[in-house]
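Record features, source TrEMBL:
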DOMAIN    16-324  domain 'Acyltransferase 3'
TRANSMEM  50-68  transmembrane segment
TRANSMEM  88-106  transmembrane segment
TRANSMEM  121-138  transmembrane segment
TRANSMEM  150-172  transmembrane segment
TRANSMEM  184-203  transmembrane segment
TRANSMEM  210-228  transmembrane segment
TRANSMEM  243-264  transmembrane segment
TRANSMEM  276-295  transmembrane segment
TRANSMEM  301-324  transmembrane segment
Amino acid sequence: MNDGNIEVYSNRRNKTFDFLKLYAMLSVVLDHALQHMLGESTQSTQLYNWIFLSQMPIFMFVSGYFALRGIEKKASIKEFGKMIKKIVVSLFFPFLSYSIVVSLITRKNIVFYSIVDPQKSLWFLWALMWMQLIMLMAQEIAKLLIKGKVIRIVLSIMMYIIGLIPICLLFFWDPSIFDTKLILFYSVFFLFGYFYSFLEGIWKFLKSEIWKAVCIPILLIIVIFVMVKHPTIIYEDETIVNLLYRFIGSFSAVLLMLYLSTFIAKVKSVQRISKYGMLSLEMYYTHLLLIRIPFFNVEGIGIVLFVLKYMILIGCSLFVIILLKKWWITDLFLYGKLPTGKNKNSSC
């Protein structure tokens, strides 16, 4: 994605996941647009229910799915350090820079408070960073102890769960600090993606289009059942039963969108826009800044004007992203993309 250009994958699987991430990102923008333009009353609708069940679980699932690749990589201490650096730079840099930019805009220093309470900044990146770091260490321990791939994967999952123990202790001590609750909650979907990727490797039928076509209506029925049974699931008490409904609904929503993406990504016109799914982090960051503009903060507008402003928000975000990615320093500071030698030279 140098100089604002976007690489297009030729691999079908990558196109599928690009479309999946594009859908999730558009859902995030829609979520925030609904809150800013139509008010919080939209959070009691089934549309918002669907967004809640699918958007963030999809991002965590995708991250866990591709994290499995690390189990086969042989890493020296130096390479291990580079992997840690890449995770921290790609996720913590945007998290930190966003809080700095917001502090400058609002003239209120939230940099320190965003670390204590990540929801003041891009909490999603904060939670994902810890998940990836814990899994990276879990995989390295598994590779040191065992040679067999399958046993390594099982052990890495066990080590990941053990790695969550300090976060659990911190949660029980004070759940308001460091967003430990969100790390624990979304780790379920991260591990779901990790384990599903493993199952795809041993159960080839999971990649079959026939299997996916059969599962789509079943998954849709499950999602509809959960949404009808719990129309305001986001506000319900977090009892064991309600959490099980959330997980079942979200697992089904994730697989439903994954399987649908397999077929939708075959359409040529869809393939051309799916590449923007690779800009999901950038879109997440940028639209949250642009949506602060008064133009996007007028409640009570009609549906036609809302759709128009929603499309303008997406278009403006993409324009700003492509512009900022032309300079390696803004690409690094804002979006956490490490520069290449070519990138540095071309932007100086």
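Glycine is treated like the rest: Cβ placed from N, Cα and C.
Of the recorded ranges 50-68, 150-172, 301-324, the transmembrane segment (210-228) has the largest number of C-beta contacts under 8 angstroms with 50-68. For the transmembrane segment (276-295), the neighbouring stretch richest in Cβ pairs under 8 Å, chosen from 50-68, 88-106, 121-138, 150-172, 184-203, is 88-106.
It is 50-68 that, among the stretches 50-68, 88-106, 121-138, 150-172, 184-203, forms the most Cβ pairs under 8 Å with the transmembrane segment (243-264).
Long-range neighbours of the transmembrane segment (121-138) within the same chain, counting only residues 6 or more positions beyond its ends whose Cβ lies under 8 Å from a Cβ of the stretch, are 56, 59-60, 63-64, 67, 70, 80, 83-84, 87-88, 91-92, 94-96, 98-99, 102, 110, 114, 156-157, 159-160, 162-164, 167, 179, 182-183, 186-187, 190, 194, 281, 284-285, 288. The list of residues near the transmembrane segment (50-68) in space but at least 6 beyond its ends in sequence, with Cβ under 8 angstroms from a Cβ of it, reads 17, 20-21, 23-24, 27-28, 30-31, 124, 128, 131-132, 135, 139, 153, 186-187, 189-198, 223, 226-227, 233-234, 246, 249-251, 253-254, 257-258, 280. Beyond its flanks by at least six residues, the transmembrane segment (150-172) meets 68, 71, 130, 134-135, 137-139, 141-143, 178, 180-181, 183-184, 187, 191, 194-195, 198, 202 of its own chain at Cβ-Cβ distances under 8 Å.
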